Amino acid sequence: MNPIDTDDLEKHTPMMRQYLSMKAEHHDMLLFYRMGDFYELFYDDAKRASELLGISLTARGKSGGDPIPMAGIPYHAVEGYLAKLVQIGQSVAICEQIGDPATSKGPVERKVVRIVTPGTLTDEALLQERQDNLLAAVYQGKVGFGYATLDVSSGRFVIAELETKESLEAELQRTNPVEILYSEDFGALDLLHHFKGKRRRPEWEFDYDTSIKLLLAQFGTKDLHGFGITDARLSLQAAGCLMQYVKDTQRTALPHINAITRFNQTDTIVLDAATRRNLELTQNLSGGRDNTLAAVLDNTATAMGSRMLQRWIHQPLRDHALILARQTAVNELLETAVHESLHEQLKALGDIERIMARLALRTARPRDFARLRQALSLLPQLQLSLSQLSAPHTVKLGQLLGEFPQEQQLLEHAIVDNPPMLIRDGGVIREGYNAELDEWRGLSEGASDYLVQLEAREKERTGIATLKVGYNRVHGYYIEVSRLQSNQVPLNYQRRQTLKNMERYITPELKEYEEKVLSSQGKALALEKQLWDELFDLILPKLHELQDFARAAAELDVLSNFAERAETLGYTSPELSSEIGVKIEAGRHPVVERVSQTPFIANPVTLHNQRRMLIVTGPNMGGKSTYMRQVALITLMAHIGCFVPAERATIGPIDRIFTRIGASDDLASGRSTFMVEMTETANILHNATAQSLVLMDEIGRGTSTYDGLSLAWSAAEYLAQQVGAMTLFATHYFELTQLPELMSGVYNVHLDAIEHEDTIAFMHAVQEGAASKSYGLQVAALAGVPARVIKAAKHKLHQLESRDHQVEGTKTPIQTLLALPEPVENPAVSKLKAINPDNLTPKQALDLLYELKRLS
């Protein structure tokens, strides 16, 4: 049966009717339906949960004549199961009992109180501590795309107008959202295939006017001019859908989402999806974090600092003034050694950014308030450390940290030193904060003393030495007497419970005290919950300032981390130049040097207006790809304000970094290895400029030798002569080493190797000039190719080389070989090009068809 079909509800039991009605409202997610100490799932939800979570699938009787598939999880273990589900892109609606079973005549009243989706998480138990948790929405217009992202756990809201599908792919790669909303007629679904949390939304949720109203209501403004986004129509439509989705799932006010910013590609160095992937910035080719640039650079003290660092890595700046502000701050931190004390102070700060989001949503827990209290108490120490610094950017961050003495004092006075995890059982509000609460607690907590006194008094009054006064949750307070002595009890003793050898009684005095104590416990809990809610009201007026504090602390963390990395790893401050070029002396690959078992060989690179392309040759395993990647990574690091692994680096303006490195099939899109290679090459040739850094590795190897050589030659020639991009062009086509003789600005460099008998040693040092040979057979032998195969390959190689020598005298120069004649155009095609269909009569059109037939 389909649990969403509510047409025949009368066939079912009252409880199942209640369930089916709620499921119909949340048909696109799993429904956790609270029954006692369990959350139950039914029908298809039960089957899916059983499969995804590995829990037992059972049946719960029948409803409507059919067995009901059922699966359940204990309520106290729900967070662990939720974590598993959101990691695989599932959403869950949590339905709680809000009525009293004792007074309910039919099914207990229930209500969906919480919706958990991958992109709207704020609970720290469900979040990846050092990764942004982005919800995204994408909308396709007639021309271009609108893209919006929101991190509900921080309040960061960003939009982008993207002109091409390739730009959208790059943004998806950069932001890596955990949940994506897209419209019903979205035409680029192939870009979303590997994302888990995809949600198709109705077209009306992207309505422009509705979106504007939603955003204005959220920000409390009359218009959006102050955000500089009024012309971003498509991305505002995406933002509106996103905002509505968050309101529907959170079901509460969202005061921490108080601004929206626009991401402009012109402000940052453009990195397309292939470049981000090939350079392994924050994710390696296997999908993990090991051996990435982020893994090397990230020694941040806080999780919020780590997340900011990863955003910086994916958004290298173009504005030299902004970069220099960061560099100056890092340099001062390093020279004064203040980064050491800052690191320790920030480590104790915690993840204030996410704590503030939970506070804004009123889902913060007692320990969140305790952590906020600790963070505020550290502010004077932080400010003292910063007082030693004078760099303008650092001074500005110090001002943003702010001061919050009243809020700190409030939390010191209100919250106990080590609060419990949850408010529901009490014990969170400190004694002395509220006199009425202390009074109710005193009544409750004084029960033990009262019972001891009552027991002593009753023993003396009755003469029953074995008399005891006790309490249990079922029967409450009682006076216990052995059955043998029960005939000695006074007349005011009323029997409450009979046991095998004991009788339990209650007296009017004890009954009255019981009611008073139980009432005081309930009143104490209710008052404590009220005081807890009031704490939110007292802190929230400072929400914006506390968010500024969190952002400033995160940036200080990143900058002090850069200083520590520079000191520990031997990095130097790069020089930024206004002249186009990249000059690196003794550069090192930041990742490879950390994982290599042998000393890393540093290498230089020089690119400028008169030296725009390097043809890089050398053996496989010789280090060509490592060399090219290190140039790109050093350039990128310089543009995020980080010091770089080199003795010296001077880098001019860069608008884009392109890489065509490595090869793999794209099976999901039906593209072969060669097709992927050519698509990436086409993107580079179309979009590279004279200020771009281009890395091209082994172009043309996925097809026949002459096809591949022709493509590689033409691509290199186009980049050198038409585009003028700064290019490293690695190849095994030795014919390409003739390019420097044919055009200016092109130079050969190579990585060499030394042969000794049947072994080979790679030098990994870059030298001017072309390589002498490729050493392919030696590398194959190192890889373990059978000796018989290597021997046969050597024999075949000698045959081929001998044949080449025999025709040496008639050998055609490569430029002549590649200068193929232009194909002659078919006369029918020429005729078609000359036709103007608007000027033809029907008779002329028919005559023309016969003529075209003859010409073809």
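Keep in mind that glycine also has a Cβ here, set from the backbone N, Cα and C atoms.
In the three-state DSSP scheme, LYS624 (ATP binding site) falls into the helix class. Annotated ATP binding site per Swiss-Prot: GLY618, PRO619, ASN620, MET621, GLY622, GLY623, LYS624, SER625, in sequence order, evidence recorded as sequence analysis.
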(request) For each of the binding-site residues (GLY618, PRO619), count the other CB atoms lying within 10 A of its CB, then report the residue with the highest count. (result) GLY618
(request) Name the secondary structure element type, per DSSP in three states, that contains GLY618 (ATP binding site). (result) coil
(request) Count the other Cβ atoms sitting within 10 Å of the Cβ of ASN620 (ATP binding site), across every protein chain shown. (result) 19
